[in-house]
């Protein structure tokens with residue numbers, strides 16, 4: 001797990017306060033499903049995922065993306081205990097859903113890309129470094145249940 005400096009925490013929290021969770025969440029999950037199509041197998045119940053436009057316009061993708069980012073927002077308040085914060089989600093994704101833990105890393109990287117697109121020049125290399133540290137730590141926390 002990454003150690004977060006006070007500067008990291010301030011940088012992450014500051015940008016998070018400006019994130020539109022619904023838009024960024026839907027775009028992040030949508031892009032994951034388009035760029036890494038093998039991840040679609042976990043979302044059979046979401047209906048039409050046959051093309052990029054179908055995925056990006058799918059209301060279930062948008063809703064789940066918002067749910068994912070809402071969960072991430074809660075974790076931002078507990079950066080020093082991400083493993084504890086994500087213990088139940090790790091168990092669910094490992095034991096019940098059998099999600100490949102590599103997918104958490106991919107999703108984090110897609111989120112960083114989406115934030116860069118949304119925030120442009122405000123998403124400086126320093127901001128990116130703090131966010132990359134955070135999504136890496138979250139992916140590690142979500143993978144903690146895996147053996």
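Using N, Cα and C of the backbone, Cβ positions are placed for all residues, glycine too.
These features come from Swiss-Prot:
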- 2: N-acetylglycine (MOD_RES)
- 3-147: domain 'Globin' (DOMAIN)
- 13: phosphothreonine (MOD_RES)
- 45: phosphoserine (MOD_RES)
- 51: phosphoserine (MOD_RES)
- 53: phosphoserine (MOD_RES)
- 60: N6-acetyllysine (MOD_RES)
- 64, 93: heme b binding site (BINDING)
- 83: N6-acetyllysine (MOD_RES)
- 94: S-nitrosocysteine (MOD_RES)
- 140: phosphoserine (MOD_RES)
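What Swiss-Prot annotates, mapped onto the structure for a quick look.
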residue	record	CB count, 10 Å
13	phosphothreonine	13
45	phosphoserine	6
51	phosphoserine	10
53	phosphoserine	11
60	N6-acetyllysine	15
64	heme b binding site	17
140	phosphoserine	19
Original post:
So, in DSSP terms, is residue 64 (heme b binding site) helix, strand, or coil?
Top reply: helix
Original post:
In angstrom units, rounded to an integer, how far apart are the Cα atoms of residue 13 (phosphothreonine) and residue 51 (phosphoserine)?
Top reply: 34
**OP:** Taking Cα atoms as reference points, rank the modified residues 45, 53, 140 by distance from residue 60 (N6-acetyllysine) and give the first.
**Re:** 45
Original post:
Between the recorded positions 51, 53, 64, 140, which lies closest to residue 45 (phosphoserine), Cα to Cα?
Top reply: 64
**OP:** For the domain 'Globin' (3-147), jot down how many residues DSSP puts in helix, in strand and in coil.
**Re:** 116 helix, 0 strand, 29 coil
